[in-house]
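Per TrEMBL, the feature NAD(+) binding site maps to 68, 69, 70, 71, 72, 73, 91, 150, 155, 177, 201, 332. Taken from TrEMBL, the feature domain '3-hydroxyacyl-CoA dehydrogenase NAD binding' covers 63-239. Taken from TrEMBL, the feature domain '3-hydroxyacyl-CoA dehydrogenase C-terminal' covers 244-340. Taken from TrEMBL, the feature site 'Important for catalytic activity' covers 198.
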């Protein structure tokens, strides 16, 4: 483990505490962070929320573990630390941890220039974050927020391990944007402590957190998670544990239909995006939005909606499938519906 401004780090992750059926599974923990963009995002410009001192309120959560140092995990860690929580951010990649801290520093520096943050507040936020490559560092946290890729097998293995190494009263939350919380909870021995905590991307900017109790999630766990999100300066909604929850149940079919319209020649790429921006007052066209989310993420969520709900209206557009097969994943790969290499 290391503080945000130090250089030492500990050993890599192991699966010694997994159930036998999971321990030998071919799980690869790359922790790129899953990406979710709300349709209310008004631009790709990122800024941090104003600093808010920590207030204990009714929640007893003081120490937060964040598993995954990608775009989502880093954003969650920053917002928690900015609001006074002690944060341990874990990833099996030291370079990902370093990159995440650099991004936080850059975002807060920009907010200082805009008068939204002070140097002392920035220093306090960074001092609240410790980073590590050792998952055993979560042994004494009050809650772990998992923020890794949308892969059910990976999440199940992680939650099995977390159940074995954290305290019995530790809440285990997933930032999944589509995978069943009930199924994730079934990989543990304490499903009453498992809950969905779906932050929107970019986390420092977007105000919403979707809270998703699973079938066995206790009311105490739900109440504590709601209180935590609110103490982090977020507005909360509660969704039933259904595929896609609320945000992606509405957003992803919209994006998928835009891709299908492009495939069928209903309109050009630019005309589809312009029609939705100027004709429906959307802040961003659906194809641009898909590029920012990541076309692989969009496809993954559409596959879950299609398989879980069984309705043909959720069938992923063949064009979306082809783009992902070609490695055209959107902004992060340099090419999607738009070219980002120039």
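Count begins at 1; order follows the chain as displayed.
Including glycine, each Cβ sits where the backbone N, Cα and C put it.
A map of TrEMBL features onto the structure.
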residue	record	Cβ within 10 Å
68	NAD(+) binding site	30
70	NAD(+) binding site	21
72	NAD(+) binding site	29
91	NAD(+) binding site	30
155	NAD(+) binding site	21
198	site 'Important for catalytic activity'	25
201	NAD(+) binding site	24
Rounded mean pLDDT within the domain '3-hydroxyacyl-CoA dehydrogenase C-terminal' (244-340) lands at 96
Residue counts for the domain '3-hydroxyacyl-CoA dehydrogenase C-terminal' (244-340) under DSSP, helix then strand then coil, are 65 helix, 3 strand, 29 coil
